[in-house]
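Asks: If you scroll down you'll find the structure; I have some questions about it.
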């Protein structure tokens, strides 16, 4: 009886041992087979030669759109190293969108009006920072608010935030810019079914028949007067003047000058810009899938203006233009 019990126990131990050894052998074999399936370099083995299948950085950023939404406000004061400060109707929106083609540039989508608006400025620098999009340490965060250029308090306020900031000013021929300024206001009045004075009546003082310097559209085009106020806080080396007229007809050379000014590696190429004959100006190509044109409000048709008024305005702006050339070191073919 005892012999039978011992034999039964040895049989159970044999079965359990066999199962244990079998399981161990299976695991060893499984791990070995998995190891053999792995390439020597898991990442390199998945792709062809380096560069052929890489996803463009801008495409990756585009896919991170939701991440940007959830992580707004990470741009530090140090990353806000450049601001487009003006001028109104000079091409600030076009410049901002075109610079956004560069993978090292991240733009604020809306005009923040932090430095020119007392109520916003009172909210503090952290409020401003949180209005900025998410950006990485190697990137430059840029915003544009054209009112900055003509608002008296702004130079000192920006200086207090970052005294080494780089400032972009985009200008157009002053008379053309003033008419464009008027056209935008006129369109807004028409949408509200309101009447508005003709440009000639606003630009020329009816009492003196001279240029009306109280008219904001005229005053904004006296670039040198506003720039002199900025030069009390910043040296001229921290400004870059962009030719807004040339940005319309030949955008790439202007953008390359800005890349150099911002110490960015050259990344924007002719591939990124294509002329849209229907719209009458250049549109943007980020990659093979994603293209973008500026809003339909850009490129408004200007109303006809009396030629004598245009002549008078150009004569008025001429000495201011000459001084602007002298200060900035950049000459334009303005009449």
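Cβ coordinates come from backbone N, Cα and C, glycine included.
Curation does not apply to TrEMBL; its annotations are automatic.
Per TrEMBL, the features are:
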- 89: active site, for sulfotransferase activity (ACT_SITE)
- 89, 90, 91, 92, 93, 172, 180, 282, 298, 299, 300, 301, 302: 3'-phosphoadenylyl sulfate binding site (BINDING)
- 283-293: disulfide bond (DISULFID)
- 81-324: domain 'Sulfotransferase' (DOMAIN)
- 12-29: transmembrane segment (TRANSMEM)
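Structural setting of the listed features?
Replies: Over all protein chains present, the Cβ of residue 180 (3'-phosphoadenylyl sulfate binding site) has 20 other Cβ atoms lying within 10 Å.
Within the same chain, residues at least 6 positions away in sequence whose Cβ sits under 8 Å from that of residue 283 (disulfide bond) are 273, 274, 275, 276, 291, 292, 293, 294.
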Asks: Just to be sure I understand the packing, how many Cβ atoms besides its own are within 10 Å of the Cβ of residue 293 (disulfide bond)?
Replies: 15
Asks: Across all protein chains in the structure, which of the recorded positions 89, 93, 300, 302 has the highest Cβ count within 10 Å?
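Replies: Its Cβ has the most other Cβ atoms within 10 Å: 89.
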Asks: State the count of C-beta atoms found within 10 angstroms of the C-beta of residue 91 (3'-phosphoadenylyl sulfate binding site), not counting that atom itself.
Replies: 27
Asks: Between the Cα atoms of residue 302 (3'-phosphoadenylyl sulfate binding site) and residue 89 (active site, for sulfotransferase activity), what distance do you get, rounded to the nearest Å?
Replies: 12
Asks: Please report how many Å separate the Cα atom of residue 300 (3'-phosphoadenylyl sulfate binding site) from that of residue 89 (active site, for sulfotransferase activity), as a whole number.
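Replies: Cα-Cα, rounded: 11 Å.
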